[in-house]
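Enquirer: A single structure is presented below for examination.
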Amino acid sequence: MTEQIAVDVRPRTLAEKVWDDHVVVRGEDGNPDLIYIDLHLVHEVTSPQAFDGLRLAGRPLRRVDLTIATEDHNTPTLNIDRQIADPTSRIQIETLRTNAAEFGVRLHSLGDKEQGIVHVVGPQLGLTMPGITVVCGDSHTSTHGAFGAMAFGIGTSEVEHVMATQTLPLKPFKTMAIRVEGELRPGVTAKDIILAVIAKIGTGGGQGYVLEFCGSAIRSLSMEGRMTICNMSIEAGARAGMVAPDEVTFEYVRGRDHAPTGADWDEAVAYWKTLPTDEGAVFDAEVFLDATDLEPFVTWGTNPGQGVLLSEPVPHPAEMSDPNERAAAERALEYMGLIAGTPMKDIPVDTVFLGSCTNSRIEDLRAAAEVVRGKKKADNVRMLVVPGSARVRLEAEAEGLDQIFQDFGAEWRFAGCSMCLGMNPDQLAPGERCASTSNRNFEGRQGKGGRTHLVSPLVAAATAIRGTLSSPWDLQNDASQGITHDAQDTSTAEREAAL
Amino acid sequence: MEKFTTFTGIAAPLERSNVDTDQIIPAVYLKRVTKTGFEDALFAGWRQDPEFVLNRAPFQGASVLVAGPDFGTGSSREHAVWALRDFGFRAVLSSRFGDIFRGNSSKQGLLAAQVEEADIAKVWAAIEANPGVEVTINLEERSVRVSDLTVGFSIDDYTRWRLMEGLDDIALTLRNEHKITEFEARRQSWRPQTLPVK
């Protein structure tokens, strides 16, 4: 053998395979690759200026058949049959409707059964699938990586670029493996895994990387759990998070409205099975987390990396060696109104928010409903339950979850982003404290002066029962001491009164 | 897009880390449907404090922001870049940027210059010693000069070239339109399609 034909047999990661299969033009001399975009998700907040740009330049929207829009950030979760009260929100929604009609984009408006948070809608329609590229003018587009797709948030200029060209010029990301091994204890969830990962690598730890979540703990998660994890990859600074597709993925996609069928399905699955990272592929960085040790995790500060185990106290800034970290912690404690050393479990909350693109899917609602079923909400707490989409809401109602939440004392709302960022009327008042299943605890995120603790749906539910940051484990402890938190059984009371 | 080669302006120190885009522009200001007029929204929460750096002379007229690490993390909102630009900023210096923010900056001619954390501290010290001092940014040389101090910054070659030429991304991409069409012709039929509605 004198000469070898150049065949790329180098072992590759999942991210590299998906990337390679979307290169339209390979960049040379440090120029970016031109990457084809399979699916463009659009919502009302980051699109008006992009549509305007197309109009000004006289450009058409290249592939309306790869584009889908929904209304989510501004939509009210009460009285959705009435005109939107806030005129600026109303104008933004109306602008999307006008733009979608003008350019021929499929739109699911408020009141439509497919309306909802853009990252809930894509997967439930079967549009999100392994091996594709997904973009949206929203940083939580990373959610779709749970399917083994390359999915990332973009800015409005890039939204316009995708509308005009169905491509993006991008430099390859570096790859980071996040290996999570072991079996989660009951009461510990995907949300606790990702909060622990962010606390470990920091809010900047993933910058420039695509994270691939792997290991036995990830493999045993449902698609909903994987979406929760990939959703918050951006909170670790990463553009995208991915999980290799497997039978769990295929079963989730199969039969959905836009899932491939017949020969297309067989071809797709055969291809999807080639996507997992090859034996011997090298990541630019690797991180390990033991899931066996994990406990429910909560944030105490004003960025998602400022988190601890629920069983721990608020940390002492003085013990932090990095001066920036120390200064940020001091500032965060002041904003959050917390004193170092206070047990996290002693912190009372005013509001519990169950919702957002992180944790508003049917499985999240089921898990929380199971905790609060037959219980009574703490008097000091209001609880909002906001399904991720109209379809999730209908599904939950068919299962009776709405009744469980309402009997518990929670408010059962219509679908949207809601209190995750408070662009609609669902906001915290200044100084109010919230246990939230959302993704960001930034200053003022849920309302000016509002204080956010990021938690799992199980912790949210237990907190709503006990009134202080709590997990289902605390409910078990209470039960062993004879404290049940049960709702008063009126039928029994009535029977006794009648006797 | 306006070309960026060298720029001289007053530098404002923002001595905070993890300045996320929710702080740069709170969500309530994202309801506008225009691409300009966001100057009032920049750091809207913090600017209610009269002692906030951009409320104090001589920093109201600043055009270079010198920030702590992890600037522009979080939400993808390009409004953060528009707000900085509309306020008058042409450059932000930080030791680490959120990826999406950095990308968005380059689309609007706002320079996101990555400066070593130790050098950021030196620039802060130079500003403190002489508030209102102007800094000169040279994109060709990848340098920042303030008083007697000159420090370097990192930016990738492609972004630097685009900023220096003031090039529009879409027009650049459409030079390859025939290749996009070729790619589309071989796109597998199982890949997602939003239309027709099923």
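Each Cβ is built from the backbone N, Cα and C atoms, and glycine gets one as well.
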Enquirer: Of A:C357, A:C434, which one shares the [4Fe-4S] cluster site with A:C417, A:C420 in TrEMBL?
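Expert: Matched candidate out of A:C357, A:C434, per TrEMBL for [4Fe-4S] cluster with A:C417, A:C420: A:C357.
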Enquirer: Pick from A:94-122, A:442-470, A:471-499: which stretch is listed in TrEMBL under region 'Disordered'?
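Expert: Range annotated as region 'Disordered' by TrEMBL: A:471-499.
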Enquirer: Please report, as numbers and ranges, the same-chain residues at least 6 past the borders of the compositional bias 'Polar residues' (A:471-483) whose CB is under 8 Å from any CB of it.
Expert: 186-187, 295-296, 310, 345, 371, 458-459, 461-462, 465
Enquirer: In three-state terms from DSSP, label A:C417 ([4Fe-4S] cluster binding site) for me.
Expert: coil
Enquirer: What is the Cβ neighbour count of A:C420 ([4Fe-4S] cluster binding site) at a 10 Å cut-off, with all protein chains included?
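Expert: Excluding its own Cβ, A:C420 ([4Fe-4S] cluster binding site) sees 29 Cβ atoms within 10 Å.
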Enquirer: Count the Cβ atoms, other than its own, that fall within 10 Å of the Cβ of A:C357 ([4Fe-4S] cluster binding site), considering every protein chain shown.
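Expert: A 10 Å sphere around the Cβ of A:C357 ([4Fe-4S] cluster binding site) contains 27 other Cβ atoms.
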Enquirer: If you run the three-state DSSP split on A:C357 ([4Fe-4S] cluster binding site), which class comes out?
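Expert: Looking at the DSSP assignment, A:C357 ([4Fe-4S] cluster binding site) belongs to neither helix nor strand, so coil.
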Enquirer: Counting each residue once, how many in the compositional bias 'Polar residues' (A:471-483) are helix, strand and coil under DSSP?
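Expert: DSSP classes over the compositional bias 'Polar residues' (A:471-483) add up to 9 helix, 0 strand, 4 coil.
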Enquirer: Are there residues of the same chain, six or more positions away from A:C417 ([4Fe-4S] cluster binding site), whose CB falls under 8 angstroms from its CB, and which are they?
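Expert: Expected: A:D72, A:H73, A:T75, A:I117, A:S356, A:C357, A:M423, A:N424.
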Enquirer: Taking the centroid of the Cβ atoms of A:C357, A:C417, A:C420 ([4Fe-4S] cluster site), which other same-chain residues have Cβ within 8 Å of it?
Expert: A:D72, A:H73, A:I117, A:H140, A:G355, A:S356, A:T358, A:S360, A:G416, A:S418, A:L421, A:S438, A:N439
